[in-house]
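**Student:** Below you'll find the structure I mean.
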């Protein structure tokens, strides 16, 4: 790893940012030097994205100062930061889908159109785009293709090319390696190294330790919105990095796992989709068992769960519950058979402008029959009791909007709502994503509790701690296939990590 | 359907090209049914009667591209003509009267944009309001009756003939060319597409979203103004309410021509072809002696047919599970 | 259903929970009351039994149609066919009655016809993913065309006594159509707040994706909402026929925008998820009373367009700035 210069390009000092009741960042300071590749490590929700968004002019800090080239600046928009050379390649692909690749690279910039007439320099931007994509990434893309038609990897590359072309001095790569194959990742890293040699500062946000060790000069660990430490990577080992991120032993989750019964509750056979994004998946699920699905991002985890839930179309495959064949064509069928699904945090699970009560009751209203014991549990007093029992905090009445609660508390409510139906099989997608460590552990405990009550749980997650701490077995998923299923023990941690990459 | 899609190749091109197929189809059908369908007199009539709808459709295409909607254009069409006519009648010089009238219309366009983007009111509601304002204003100014306009300058600019065609038809084509360049070839037009496609990305790309959208509404109101003045030249009257029945047709023309209601995809040529399509149908029905409301049924059915087929072909849209 | 208490409830809640005195529909009520008092003091003849009944009679049809579209808007869609379905229903009804078909069968047939229209609207919207604004615009056109064909472009006079007595006459001086409006208000209130359907409708309008994953039958609920809307439109048409003792293919069409405006200023959000039944009624009353009072005060009819337009913009700018 080459040594970088000492000249600081961008610096933040004492930056703090609050969102409502949540302290996203507290007194954070960070410097990026010319040619330095600095890794920002930390759990989801630690504040990595928020920090770079403040540096990039997307958020305005409540306290603290930002310095560009030694001078204090006040950024009011992304354009301010971009004009100073600070670019963010965001986690969520955000291209104009119907516009061409060339448009996405050049629009909003001086060179996009003739200064006098305003006519777009179509030939120029097409030729240049083609050249740049070839030059930087050695790929051939027709620059007039609408961006939405490209695969996710190429879309990301287009975003990067836009930054480079616009004269970036600092580029933030926010979880950019998601979905990339080993070879593509290596290529990306080669380009990042070249950029670093050219004097660009790179901020590399990732939660994968291996990537930090591979490409970063320095690593800054964030936890709970605070910088725990900044160290040269050459002075660190992977274990030390993990320690920086995770912190003290108190936070490590250790609880007795459930003991699965021998009775097979759910059987999945020969599950495939027509386009092959899932092919030939087989597994059994026992009563009281927690099965983890682990893999890199976009390997088919979401699709797998949605197929079982009836929210996606399968081309082949059988489901059997208690030896009875299931015909699931929609979530309604699944719920009637006792299969519940909690999607990842966000738009698929939460009714943002509605109250806690309304979010709690949406499934119960439709699926609990009058006269059953659970149906009686839908009055205010029972709901309140049940969510307090799982330590939900931050609300004064069930009328409060659910968005007033923190992520962790919200997730507890969604979990409680799923449990209200007393499902036989519980499927969860990234149940602890983006939540602070305290709430994470509480949710893990709740999931274990469900298994101990003889429910069967399938949990797809990218958090290795979820797998090792909670699951009995783990299925490694890669490119839509289950590579292997092994015991989810602490001893197997490295094997699990290896098998998935 | 999917086999057909695979067979015919790029489904996207076919989806967009539906209106062109449709228009070729009806031209063929009517050429057989209607005597003298291809005569120059008939085509002159078609082109003349389609001018207003086309110009309005062009205006609304800009707003649709931004991902918004504007239902006030039909009403706003009469604002400048009535103000202009009344002021002219009171002895005000041509240019001043026109500028005042134009300013009123552009102000309504600005109001549309401002209330929609700055105050956050959905554009359907905002333009519902300005539609009422336009309807009322034009009638109040003209005292609810057509105002005669026999002005030489107006006739020189917009009336009579040029190159063997009514000047209003020539203007229509000029406007088509200009708006095509503006929407598809200029920086502003591409910015507008970007805003309509992905507002957040446009913001991150450094595009001034608020300004872009407001300008789109002002441009639309400008086309309403122009349509109004062309009608004054044609009929020698500024009539309140003359444009109001055309609003829905203008929207239909733009949408079946390929402009996406969700934004990010506009087509000026499509708006023209869509308007042509609608006009040919009513022209042919009239020639065949059929009552005009039959055209409503045909047009309504065609809309459903075209959009449903292209909607079912669009695989992108099926995100919500297997529905 | 005790547990639906609070879900999608209006600000003013009958079940004894806290009343939100500053909710949209109550603010509208206060403003309505204020204007009522002003008119009573300044407009000669406004505050008379006769005039109040006139207002109530006028607002009834708009209110019922507005109630129908409240359901569709709550689902996050829109239905423009409410502009012509009343005329279609009314003309079909009238023609059947004139042919001597007994009233119950006539009502059944017209009901089936509009249910089919609502079903088509809903089906295309959920299956082909076409924006509801353009699909219902198409069915608007088709329904209009059919209405003209059925009625042969002329008023159809209805003399059927049971029909006129049931819908058009008075009960001890109290106009029956007002009673029908109140009846449908109660029905709507129950449907919207006290049934699984209404509750699910609000979830769907708020977040269609989350509703789907939570196990709500999204497609069915949306289609039912469109069917309810068409049925209410039919009711509006029937009352219109009863009131005038004839049916015309152009009846009620001008009131399309008033019905939508009434719903929106009443607090139902265009984005969906919050249906406001009481607000729609209040909005219908407010707009009708306003026109009535201003006309008595000597304001020209077309000025009302302007005033209504300004009200829409002001009311909704306020409503959206609260968010």
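Each Cβ is built from the backbone N, Cα and C atoms, and glycine gets one as well.
What TrEMBL shows for this protein is this:
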TRANSMEM  B:20-39  transmembrane segment
TRANSMEM  B:45-64  transmembrane segment
TRANSMEM  B:71-88  transmembrane segment
TRANSMEM  B:94-117  transmembrane segment
TRANSMEM  B:124-142  transmembrane segment
TRANSMEM  B:162-183  transmembrane segment
TRANSMEM  B:204-230  transmembrane segment
TRANSMEM  B:242-261  transmembrane segment
TRANSMEM  B:268-287  transmembrane segment
TRANSMEM  B:293-313  transmembrane segment
**Student:** Mind checking which residues of the chain, 6+ beyond the ends of the transmembrane segment (B:162-183), have their Cβ under 8 Å from one of its Cβ atoms?
**Tutor:** 44, 47-48, 50-51, 54-55, 58, 61-62, 65, 189, 192, 219, 223, 226, 230, 233-234, 266, 268-269, 272
**Student:** At least three Cβ pairs under 8 Å linking the transmembrane segment (B:242-261) and the transmembrane segment (B:293-313), pairs spaced 6 or more in sequence?
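**Tutor:** Checked: the transmembrane segment (B:242-261) vs the transmembrane segment (B:293-313), in contact.
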**Student:** Taking B:20-39, B:71-88, B:94-117, B:124-142, B:268-287 as candidates, which has the most Cβ pairs under 8 Å with the transmembrane segment (B:204-230)?
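**Tutor:** Between the stretches B:20-39, B:71-88, B:94-117, B:124-142, B:268-287, B:94-117 has the largest tally.
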**Student:** Between the transmembrane segment (B:124-142) and the transmembrane segment (B:45-64), do 3 or more CB pairs sit under 8 angstroms, pairs being 6 or more residues apart?
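**Tutor:** Contact criterion not met.
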**Student:** What stretch of B:20-39, B:94-117, B:124-142, B:268-287, B:293-313 shows the most Cβ pairs under 8 Å to the transmembrane segment (B:71-88)?
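**Tutor:** Maximum Cβ contact count belongs to B:124-142.
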**Student:** With CB pairs under 8 Å as the measure, which of the listed stretches B:20-39, B:124-142, B:268-287, B:293-313 comes out on top against the transmembrane segment (B:94-117)?
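**Tutor:** Most contacts with the transmembrane segment (B:94-117): B:124-142.
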